[in-house]
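**Student:** Pasting the relevant annotations from TrEMBL:
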- R41: L-glutamate binding site (BINDING)
- A76, S77, W100, T148, D167, Q190, N232, T233: pyridoxal 5'-phosphate binding site (BINDING)
- 5-343: domain 'Aminotransferase class V' (DOMAIN)
- K191: N6-(pyridoxal phosphate)lysine (MOD_RES)
Amino acid sequence: MKKHNFSAGPSILPQSVLEKASEAVLNFNDLDLSILEISHRSKDFVEVMENARDLALKHLGLQNKGYQALFLQGGASMQFLMTAYNLLEQKAAYLNTGVWSDKAIKEAKLIGDVVEVATSKSDNFNFIPKNYAVPSDVDYFHCTSNNTIYGTQMHKFPNTDVPIVCDMSSDIFSRELDFSRFSLIYAGAQKNMGPAGTTLVVVKEDILGKVSRAIPSMLNYQVQIDKESMFNTPPVFSVYVSFLTLQWLEQEGGISSIEKVNNQKADMLYKEIDRNPLFKGYVANVEDRSKMNATFNLVNDQLKETFDSHAKAAGVSGINGHRSVGGYRASLYNALPLESVKVLVEVMQEVERGA
Ligand code: PMP
């Protein structure tokens, strides 16, 4: 029996995707060749890349709106630098909601001036700052929509005329948003889209070409667009499995359908965290809670061994919190079934009954 996989990333993928991916490792598209041993320029793979890029835009409602989708390498971490390299001429504004925003800020400072509009750092990022202003004289505003480590999520984005750049690594394709409000979105695949190894970048083409510096080819969005994500050998398998996951999402009814299930999962777990006297949530304000990563602690640490052993016996895997927060973190990505959340809630209730 497969475990209930609450891992924060790399994380659970749909079973049907794993099966199709396994088949393709042995025999891709009835070519009698493995997907791992064919040219990335072969017709069969070029089709995968094109379809994956189209489908990503389709899910986000961004087809024929001046956007391009790219599958790049270097993880979301490479995007911390690449966004600044391509877009930062003088000054950019950043909202600092966690370690990943902090790292993005650090890279951007290598390129130009950074205004940190607000931060929750002094409270170990347990809330999303509000009531900040985005200056009008910046090249762009950067934010992280979901803070994987702390379990906070932005449920509102600022109204601003400057381009918004957003790290959506841990909640891409999980909820409906007006994605056309963002000029650039990036996301490492390994949470809601596929295995590690590729990063989705969705960029509005008209924001490019405005900086005066020379941009190295591998870091240049325009080069990557012109070469259709194949300036160099792409991470073929990772793109393929991401494509299968995007197809799975389509079969599930797209973002609007999966969002309903995601809401049910998050509601069920937070309800139990709030009800069960043994547990408390990590996030300070209920309205900032993430629907993708639910962080919580035991009120009494002495119950840790008991809780852990009950969880293990029930097949619950990957709920340890990030080392900088401690406690527990249950990641509820698209592919996690409601059933797994039920099992976790039952474990919490079992421990309560025994305590
Ligand atoms: N941003 C967010 C929100 C993340 O959760 C992560 C990884 N956990 C990263 C960026 C870094 O991603 P990568 O490891 O792909 O560079």
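Numbering starts at 1 and runs along the chain as it is shown here.
Every residue, even glycine, has its Cβ placed from backbone N, Cα and C.
Keep in mind that what you see is a predicted model, and the values were worked out from it rather than measured.
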**Student:** Could you tally the C-beta atoms, other than its own, that fall within 10 angstroms of the C-beta of N232 (pyridoxal 5'-phosphate binding site)?
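**Tutor:** Here the count is 12.
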**Student:** A 10 Å Cβ contact count, applied to the recorded positions R41, K191: which residue has the minimum?
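**Tutor:** Ranked by other Cβ atoms within 10 Å, the recorded positions R41, K191 bottom out at R41.
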**Student:** Around Q190 (pyridoxal 5'-phosphate binding site), which residues of its chain at least 6 apart sit with Cβ under 8 Å of its Cβ?
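**Tutor:** Spatial neighbours, sequence-distant, of Q190 (pyridoxal 5'-phosphate binding site): G9, P10, S11, A196, G197.
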**Student:** If you count other CB atoms within 10 A of each CB, which of S77, T148, T233 wins among these binding-site residues?
**Tutor:** T148
**Student:** Measuring Cα to Cα, tell me the gap between K191 (N6-(pyridoxal phosphate)lysine) and T148 (pyridoxal 5'-phosphate binding site) in whole angstrom.
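**Tutor:** Pair distance, Cα basis, whole Å: 10 Å.
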**Student:** If H, G and I count as helix, E and B as strand, and all else as coil, what does DSSP give for A76 (pyridoxal 5'-phosphate binding site)?
**Tutor:** helix
**Student:** Those binding-site residues, R41, S77, W100, T148, N232, T233: which ones have a Cβ sitting under 6 Å from ligand 1?
**Tutor:** S77, W100, T148
**Student:** Counting only residues 6+ apart in the same chain, whose Cβ is under 8 Å from the Cβ of D167 (pyridoxal 5'-phosphate binding site)?
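**Tutor:** D167 (pyridoxal 5'-phosphate binding site) has long-range Cβ partners A76, Q79, F80, W100, S101, A104, H142, C143, T144, S145, Y186, A187.
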**Student:** Determine, to the nearest whole angstrom, how far the Cα atom of N232 (pyridoxal 5'-phosphate binding site) is from the Cα atom of R41 (L-glutamate binding site).
**Tutor:** 11
**Student:** Quick check for you: of the binding-site residues S77, T148, T233, which have their Cα within 10 Å of the Cα of R41 (L-glutamate binding site)?
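**Tutor:** So the list is T233.
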